[in-house]
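In TrEMBL this protein carries:
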DOMAIN    B:23-116  domain 'Fumarylacetoacetase N-terminal'
BINDING   B:Asp124, B:Glu196, B:Glu198, B:Asp230  Ca(2+) binding site
BINDING   B:Tyr126, B:Arg140, B:Gln237, B:Tyr241, B:Thr358  substrate binding site
DOMAIN    B:130-422  domain 'Fumarylacetoacetase-like C-terminal'
ACT_SITE  B:His131  active site, proton acceptor
REGION    B:163-185  region 'Disordered'
BINDING   B:Asp230, B:Lys250, B:Thr254  Mg(2+) binding site
There are 2 protein chains.
Amino acid sequence: MTIDQSLKSWVASANGHRDFPIQNLPLGIFSEAKGRRRPGVAIGDYVLDLVAIADLLDEDMREDFEQPVLNAWFARGPEAQRRLRERLAELLSDARYRDDIEPQLIGQSEVRLHVPCLVGDYTDFYVGIHHATNVGKQFRPDQPLLPNYKYVPIGYHGRASSVRPSGEDVIRPGGQRKGPDEEVPTYGACRRLDYELELGIWIGQGNELGSPIPIGEAGEHIAGYCLLNDWSARDLQAWEYQPLGPFLAKNFHTSVSGWVVSPDALAPFRKAMPARPAGDPAPLPYLDDAADRETGALAVQLEVTLTTERMRAEGVAPHVLSRGSADAAMYWSAAQIVTHHSSNGCNLQPGDLIGTGTLSTDQDEGLGSLLEISRGGKQPVTLANGETRSFLEDGDEITLRAWCEGGGAVRIGFGECVGRVVGSGQA
Amino acid sequence: MTIDQSLKSWVASANGHRDFPIQNLPLGIFSEAKGRRRPGVAIGDYVLDLVAIADLLDEDMREDFEQPVLNAWFARGPEAQRRLRERLAELLSDARYRDDIEPQLIGQSEVRLHVPCLVGDYTDFYVGIHHATNVGKQFRPDQPLLPNYKYVPIGYHGRASSVRPSGEDVIRPGGQRKGPDEEVPTYGACRRLDYELELGIWIGQGNELGSPIPIGEAGEHIAGYCLLNDWSARDLQAWEYQPLGPFLAKNFHTSVSGWVVSPDALAPFRKAMPARPAGDPAPLPYLDDAADRETGALAVQLEVTLTTERMRAEGVAPHVLSRGSADAAMYWSAAQIVTHHSSNGCNLQPGDLIGTGTLSTDQDEGLGSLLEISRGGKQPVTLANGETRSFLEDGDEITLRAWCEGGGAVRIGFGECVGRVVGSGQA
């Protein structure tokens, strides 16, 4: 359910909070220094411990909240999630509950967020059409998009075991690198390490093997959204990816933000899918849905910033690498992604993670990777303190942020997805 | 440990058994009609229930065997596995244990085998060089193998959720199909359904993110081997696979045989890797190991048979589609696969599944897929009863078998990996 836009919380910091007003209420898995992992909800500057307030929730929810991951809760589907939102909004707005609940609020700075689910499968899509075009141009100037792109929401399987929470260091991968002017490859540390700005989709209810999810029901299978950084080793990728796609170039680390922003919280920020350019084919019927056409786009603002070791030492403000929005980037909607993924009968499971693919806009300031910003490394970007970057150096820290605002609705945010590159000791 | 080749079991059917003499002792997860899933070991025509004989095993093993999957047991690594093999060989050969153990033997025909692990990640490789060449020829007659093939053990991530046990029906997938003479794709039932003959590798001990597994230690991370059928929708694959690789063409179903054949059981059948053809590069140092060169190849015999609905009704014997061997097919060893997979720091976990890729020999009778046998569908194969097949029809059943024999060692086998194609009701 969409929470009334005028509702205020008795948690003072929530009202006007850039990310976590009472209209957001994202779930996550957190722990304190010595505590166990458990579910919480973000409200203002705090996390509310859902285990500690279990007596105030419906009995059937309590068992799920005893888990250190949200898979079982996500499996319950949208009705249960809406019931919880409604109850949390009541508990956090009605002053009668304040005395009971306030002691169970923990400062967000005192907790660690974890990957919210045990990821059964992680799939990465490629629905950012400007990214696909920009990358395609570097390989095929005359035909940046392949003929299937406007029919098929292109995706591939990624690595579940290396999905990591925001804040965990990214160890520079090693691998086979072969430059265009090198005769043979060598094994060593990646020389062209990059980030990719994506949204993540958390799957709620799954489907049985052999039973595709119709497009009209796809939204009911989405538990929420997060930020996702698809760290990429471009030199490994260029050498390894044919004919079966990216592998070691991607599977060394994928960062996700900790809070799961629900479809209901995002509802005020849905808009019509951008009109397909003249000449583009209509989606095939199994991917076409009137409601999805009208509300399938997400007006999510996106930002990427970089700090280097020197910038942090000098106290220089983070360098903004890009600003854009998801609705200007995505050729296919989240519902189309989910439906296509299951269209062959593939079974999605609660807690599965799906990346959208890199979300670049068609503007120079909205590019979602250094590969695009530096034009394949040919045009290094100059940072605020005079340093330059074609790709990431050890010590570089990338922060992804996302938020929704405007249209008379209260601003909500995703929080951050942060990762710092550290050396592996390899040459 | 390798069990003495002259050892006999008091289980009479084990001695001379085509698959499961006392020298094999593969583990699996089984259940009876109403029983729970639990670990067992194959011996002759029987399964020995490891939970029921827990009192006769080391105390530290019992907890792992209370699980319905082998992940925790595999995590213990090779020393524990060797200890168990040694003890089982003693229990099943020494007649003093017969009275205690015999009541815990269950006929294999009375049990179902399950996927032995909760698969965290499933990765499929492409190390069958003749398969890669045959498939490559259909796309690129002049350059069947891409330049990276002889440097990089090519692999990609597959779908963990749709890994299924031998015996489970394979529902014909739907998807986008676009023939070479069709203007636009349509969505409907796959028209070019295929199987792929592979070996599966079960990961035992994992590695930490950021810590590659050195080639000399790779074998210690392998818990065992199975048969794997990488069911493939060739029409979906041809249309979707660029630029990010196979996705819906593969992730609708992957079948594995239930018994995990240990590296120790296979030890008598290891041999030197085939000499690389003149002009091929040597493996890069991180993939090169003297011991692996000498013993990295697996002399595993492979067979694929097909029965159609009509053949079964007519009582016609299964049609042999191919006979070959893994050592004649694999350009890269299992150790090279494991080391390469982790060479960027990617973390493997106990119970991860790795497919070798399709294992075709360079002989016409040793081709591991219908795509190769029928030359891309152009030369249908005629079956024993006069039916023809380019690709699989509903009702077709594929059985993969593997075994090792010769060199003075007792024959051991993998059992079967069976799957029957059923229609989805889609046109």
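Backbone N, Cα and C atoms are what each Cβ position is placed from, and that goes for glycine too.
Spatially, by CA atoms, the binding-site residues B:Asp124, B:Glu198, B:Asp230, B:Lys250, B:Thr254 include one closest to B:Gln237 (substrate binding site), and that is B:Lys250. Using a 10 Å Cα-Cα cut-off from the residue listed as 'active site, proton acceptor', none of the binding-site residues among B:Asp124, B:Arg140, B:Asp230, B:Tyr241, B:Thr254 qualify. The substrate site in the record is lined by B:Tyr126, B:Arg140, B:Gln237, B:Tyr241, B:Thr358, and its two most distant CA atoms lie 19 Å apart. Within its own chain, the region 'Disordered' (B:163-185) has Cβ neighbours under 8 Å at 112-115, 119, 122, 191, 193, 227, 231, 233, 235-236, 238-240, 248-249, 252-258, 353, 394, 415-424, 426, counting only residues six or more beyond its boundaries. Looking just at the domain 'Fumarylacetoacetase-like C-terminal' (B:130-422), the mean pLDDT is 97. Neighbours of B:Glu196 (Ca(2+) binding site) among the binding-site residues B:Tyr126, B:Arg140, B:Tyr241, defined as a Cα within 10 Å of its Cα, are absent: none qualifies. What surrounds the Ca(2+) site, by Cβ distance within 8 Å of the Cβ centroid and not counting B:Asp124, B:Glu196, B:Glu198, B:Asp230, is the set B:Leu197, B:Leu228, B:Asn229, B:Ser232, B:Lys250, B:Thr254, B:Gly355, B:Thr356, B:Gly357, B:Thr358 from the same chain.
B:Thr358 (substrate binding site) has B:Glu198 as its nearest neighbour among the binding-site residues B:Asp124, B:Glu198, B:Asp230, B:Thr254, going by CA to CA distance. For the binding-site residues B:Arg140, B:Asp230, B:Tyr241, a Cα to Cα distance of within 10 angstroms from B:Thr254 (Mg(2+) binding site) holds for B:Asp230. Taking the Cβ of B:Glu198 (Ca(2+) binding site) as centre and 10 Å as the limit, one finds 31 other Cβ atoms among all the protein chains shown. With B:Tyr241 (substrate binding site) as the anchor, the candidate binding-site residues are B:Asp124, B:Glu198, B:Lys250, and the one with the nearest CA is B:Lys250. With a threshold of 8 Å between Cβ atoms, none of the binding-site residues B:Asp230, B:Lys250, B:Thr254, B:Thr358 neighbour chain A. If you check the binding-site residues B:Tyr126, B:Arg140, B:Glu198, B:Asp230 against B:Lys250 (Mg(2+) binding site), the ones with a Cα inside 10 Å of its Cα are B:Asp230. According to DSSP, B:Glu198 (Ca(2+) binding site) is assigned to a strand segment.
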